[in-house]
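Undergrad: The structure that follows is given in the form of C-alpha cells.
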C-alpha cells in the first residue's frame with residue numbers, strides 16, 4: 001500500500017510540475033534538494049547518537065526489495081539510487097545547472113548544446129551526412145556511431161565476454177547481462193529492464209501505442225526497428241549480404257541463420273535429447289515433441305499441431321484450397337512440398353526419399369480406419 005500511495009504521490013507531483021515554468025521547477029528542485037539534505041543530515045545524527053539503532057536500520061536498509069530501492073529516483077533524468085543520500089548528491093547536479101526547456105514538447109535539457117540537438121527531432125534537420133552511403137543524422141554522436149558500421153571499428157570491448165561495441169552506451173547496457181542489473185522498472189506490472197529503450201517499448205504493450213507508421217500502406221508499429229524492417233517489403237531492400245555466396249537478406253537475423261548453413265554451427269541444443277538447431281524457434285518447436293504440447297488446434301476435426309504452419313496446411317484438406325500451382329502444366333497442390341515433388345516429373349529428376357517419406361506420413365495420418 002505504501003508503494004502504491006508513493007506512486008500516486010509522484011503522479012500528482014508530476015502533474016503539478018508540468019504546470020510550472022522552468023524557473024519555478026528549478027526552485028522546487030532546489031528546495032527539495034535542501035529538504036532532502038536536512039533529512040539525510042538528521043538520519044546521520046541519529047545513527048551517530050545511537051549505534052544500536054543505526055545498525056538495525058542499516059540491516060533493514062540492506063533488506064529493502066528492488067521495488068523499494070527504485071523509489072529513490074531522480075525526477076529530472078530518471079536515474080535510480082539505492083540510498084536517499086546518493087539521490088541527494090545527484091540532485092545537486094541538476095539544481096546547480098541551468099536547465100534548458102524545449103518550447104515544443106517541454107522536455108528539459110542540461111545544456112544548450114543538448115537542446116540544439118534535441119530541437120532537430122522537431123525540425124527534421126540532419127546536418128551530418130555519411131559520405132559512404134549518404135545517410136544523414138541530427139546528432140554528431142549518431143553520425144560517428146554510424147560511420148563505424150562501415151569501418152567495422154568497435155572501440156568499446158566487454159571485459160567479460162570479449163564482445164565489442166560501436167558506442168559506450170551499448171557496452172554499458174550489455175554489461176547488465178553479466179551483472180544482472182535491471183534499473184528500469186515498469187510501474188504498471190513491475191517488470192524490470194536493463195535498458196530504458198526496452199522499458200519504453202514494453203510500456204506500449206500496456207498503452208497500445210504504435211507511433212511508427214508506414215507511409216506506403218499505413219500499417220503502424222510499436223518499435224521503430226519493426227517499421228524499418230517492414231519498409232523493406234515495399235522497397236525490396238536487402239542490405240545484409242552473405243560473404244560466402246553473396247545471397248542478400250532484409251534482416252541481419254536472417255543472415256545469421258543463413259550463415260550457419262555454411263559454418264554448420266547449431267548453437268541451440270535440446271536439453272532433453274541433445275539435438276541441436278540453427279535457430280531458437282526450431283528448438284522451441286522441437287521441445288514440444290518431448291512435452292507433447294500442441295498449441296494449434298483444428299476447429300473442424302480437433303487435431304492438434306505443434307506449429308501454426310502445419311495447421312494451415314492441414315486446413316486445406318477441409319477447405320480444398322490448393323494455392324501452389326505448377327508453372328508448367330497448371331496443376332495445383334495444397335502444399336509446396338507436393339508441388340516440388342510434382343515439378344520433378346517435368347524435369348525427369350527422381351523424387352528425394354525425404355519428400356516421399358513426408359507424403360507417406362501425411363497419408364497415414366489421414367487414412368480412414370477399416
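Using N, Cα and C of the backbone, Cβ positions are placed for all residues, glycine too.
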Undergrad: Identify the region 'Disordered' range according to TrEMBL, selecting from 7-26, 27-46, 47-66.
TA: 47-66
Undergrad: Near the domain 'C2H2-type' (240-267), which residues from the same chain, at least 6 beyond its ends, have a CB less than 8 A from one of its CBs?
TA: 229, 232-233, 276-279
Undergrad: Over the domain 'C2H2-type' (184-211), what is the model's mean pLDDT?
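TA: Across the domain 'C2H2-type' (184-211), the average pLDDT comes out at 90.
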